[in-house]
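The block underneath contains the structure these notes are about, expressed in C-alpha cells.
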Amino acid sequence: MRILGIDPGLRVTGFGIIDVSGHRLAYVASGVIRTPTADLATRLGTIFQGVSTIVREHAPDQSAIEKVFVNVNPQSTLLLGQARGAAICGLVAGGLPVAEYTALQLKQAVVGYGRATKTQMQEMVTRLLNLSGQPGSDAADALGMAICHAHGGNTLSTLGGLAPALAKKGLRVRRGRLVG
C-alpha cells in the first residue's frame with residue numbers, strides 16, 4: 001500500500017510518500033510545494049496543482065493530512081485552513097480517501113510523545129525510514145503523517161469514532177489512548 005502524507009501550509013506544503021508492506025516501511029519520495037508570493041487564490045491554486053501532480057505521478061492508495069489547530073492569531077488559522085482545503089481538494093480529485101490526524105496524534109504515533117519537537121520528529125522519521133540524510137521539517141512532518149496512518153493512525157481514527165459507544169461503558173479516548 002502506498003500512502004501520501006501532507007503537512008499543509010500556505011507558503012510551504014510538505015509531502016511524503018511511503019510504501020507499506022506488513023510492518024515494513026519504505027521511503028518513496030518527499031519534498032515541498034512552495035507557493036509564490038502572490039494573491040491568495042494563486043497560492044491556493046499552486047497547492048492544488050502541486051498535490052494533484054504528486055497524486056498523478058506517484059499513484060498513492062491512501063492519504064493522510066494534518067488537522068488545523070487553533071492558532072493565537074485567528075487570521076493565520078483561517079489561512080492555514082484554506083491551504084489545507086486546497087490540498088484536500090487535490091487529494092479528492094485524485095480519487096484518494098483522506099484521513100485526518102492532529103499534530104498530537106502524529107507526534108504520539110511517530111515519536112511516542114505528543115509534545116515532541118521538530119528535531120525529534122525529523123530524527124525519528126530518518127530512523128524509521130532508514131534515510132541517508134535528514135529531511136526538512138515540512139517533508140519530515142508529511143512523512144510522519146504517512147507513518148502515523150500506516151502504524152495505528154487507523155486505530156486512532158477508529159477509537160475516536162467509537163467515542164459514544166465507549167462512553168456508555170465508562171471509557172473514553174484521550175490523546176489517542178483508550179482510558180477508563
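Note that Cβ sites are derived from N, Cα and C of the backbone, with glycine treated the same way.
What Swiss-Prot says about this protein:
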- D7: active site (ACT_SITE)
- D7, D138: Mg(2+) 1 binding site (BINDING)
- E66: active site (ACT_SITE)
- E66: Mg(2+) 2 binding site (BINDING)
- D138: active site (ACT_SITE)
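Take the CB of E66 (active site) and look out to 10 A: across all protein chains shown you find 25 other CB atoms. Cβ neighbours of D7 (active site) (same chain, under 8 Å, six or more residues apart in sequence): T13, G14, F15, G16, I65, E66, D138, A139, D141, A142, M145.
In this structure, D138 (Mg(2+) 1 binding site) is part of a helix by DSSP.
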